[in-house]
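See structure below.
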Amino acid sequence: MIPIFFSLLLLKSDPELYNSAATVSNSSKLSCRAILEENNLDISKKMAVFSRKVYLFGALLLLSCTSSVVRADGDDGDDGVTVETVEDVEEYHTPELGPGKSHLVEHFDDINSFKKKWVKSEAKKQGVDENIAKYDGKWEVQAPTRKIYKDDLGLVLTTEAKHAAISTLLDKPFEFKDKPLVVQYEVTMQEGQNCGGAYIKLLSRGTNTKADLRKFYDQTPYTIMFGPDKCGNDNKLHFIFRHTNPKNGTIEEKHSKKPTARLDDIYKDKEPHLYTLIVRPDNTFSILVDNKEVNSGSLLEDFTPPVNPPEEIDDPNDKKPENWDEREKIVDPTATKPEDWDEDAPAHIVDPNAVKPDGWLDDEPEMIHDPEATKPADWDEEMDGEWEAPLVDNPACSAAPGCGTWKPPTIPNPNYKGIWRAPLITNPNYLGKWTPKRIPNPHYFKDEHPFKMTPIHAVGFELWSMSPMLLFDNLIITDDVAVAEEWAQMTFVPKRAKISRDSDSVLERGLKYAGENPWIYAVVIIGTFIIVGLVAYACFGPKSDSDVDAKKTDAVVEDDPHQSDGDEDVVEEERPSKADLEGPGDADNVEAEPVTTSEQPRLDAGDGDGQRKRKPRKE
């Protein structure tokens, strides 16, 4: 409100300025040229004064707005609202958790620590060509290609179309007892993903040393595999756990149902995404992407194949009897074809009642050669054959019912019956669909607690991807959901918030800032009035010296379009000398300087009120 008050005070304190502004407003219906001719120097002087005060007002307005911004950023205010500064938002601190809160936490910001903990695989993949069997994909700790924070680093798979594996031991093994398992990590597909995975494997007990980690490959036993995977249009978000049969000790992979939400964007938007898996002791699970649940269910009910096998199965030794009749309907063996059934009768016959319409032109063809067509000049009959004019519709047929040979139409044959077939009847010997007998499943068991999986001792990435530069960051394995949420608040949440702010357009940020600071609207309104004033000044204000010279004199300039040989000579009147201006006391001592025809007289401000002076034109 201070800028508005100041502008009103400025106008009211100067009647001349106020009247000038009123004059401009009342004259808005007239053209700029008409106003100049009517008011000449009067309005020009007033507008010049008005423009100078407008500039002063704009400077004070800018100072006032700057002070307001400083106050808004620097003061907490009485309402307790704290405005974050840009430096505070963009400053990055490596996240830290208190001791004992996790089984593993990794932010990849400490390269020396990373080299001590993580081990690259030296194994070879089995069942593939020797040239591609080796795990020779390259892993590096580096900053993202799209820098969000200066010192934030991540684990990057820099190569494509190569097998790559890297792993580390947990700080302490995870035992599936009475606490949930929470696995959470970030993935940034920096160049999108065409085909390949970005999932993590939680390695089972038995992978206990760094020597074991150097042998990490696709057949290394794992307890859980979790994360995104894509090839072509098949987009997956894996949650696979390996279940041990309590009856015979065999291990079988159990695959969760598909997520309920579409996840296409995570493979192509090239932004970081947070993947969270929660497996609870009550056999329920939840999968979150960017802290939003996309899948949930039960370990007992929502996996394929199911954890517990059926109690009964089909008897593999039971076979269908040879005389078992499964036909519900059969052809009536007693049915015979009626004697009047004519299978040779045609489906359509000529309409016996049809009559040729009057006026039918039997001798006129439907198409004739175009009488206006001419043979092309470059037509070669030896190579192109005999030339014939193209066919066009016969104009004689347009007014007639038809042309050419008339044929009566056909109609369905009322005597047509087609091929005779005997009707179907219910099979008196029908025994129903045969199914084998059900017997107790010899492999049946009932595991009420599939949550109690094989303990986890290590974690690793074993991948193959057609897209390089996959970045992994901020991995945590814990038994407390609140700790994982705390970790996300320190890592992923501020990162996504900064990305959102950086991606906002200038207009969006301006509207958002204006919504938070209503005084901005007052500034915009005042700024609009300033622009209108500047436009009015440009329209009604005084011309520059060069323009005044051109208007106040008829001096010849280069390439004067109005110059002609027929113009009459105009004798220039003598211009007052310096002595004349200084007074009669020095008139006798100073001789007046004549103005030569090659000089153009300089007009000071206000010369337009004097008599016009013309220079002689060249003959």
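Each Cβ is built from the backbone N, Cα and C atoms, and glycine gets one as well.
Automated prediction, rather than curation, is the source of TrEMBL annotations.
As recorded in TrEMBL, the features of this protein are as follows:
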| type | residues | note |
| --- | --- | --- |
| COMPBIAS | 316-331 | compositional bias 'Basic and acidic residues' |
| COMPBIAS | 554-565 | compositional bias 'Basic and acidic residues' |
| COMPBIAS | 601-611 | compositional bias 'Basic and acidic residues' |
| DISULFID | Cys195-Cys231 | disulfide bond |
| REGION | 299-358 | region 'Disordered' |
| REGION | 554-619 | region 'Disordered' |
| TRANSMEM | 519-540 | transmembrane segment |
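Other Cβ atoms within 10 Å of the Cβ of Cys231 (disulfide bond), summed over all protein chains shown, number 14. If you look at the compositional bias 'Basic and acidic residues' (316-331), the same-chain residues 6 or more away from its ends with a CB under 8 A from one of its CBs are 422-427, 429-434, 436-437.
In sequence order, Lys230, Cys231, Gly232, Ser465, Met466, Ser467 make up the list of same-chain residues 6 or more apart from Cys195 (disulfide bond) whose Cβ falls under 8 Å from its Cβ. Taking DSSP states H, G and I as helix and E and B as strand, the compositional bias 'Basic and acidic residues' (316-331) has 0 helix, 3 strand, 13 coil.
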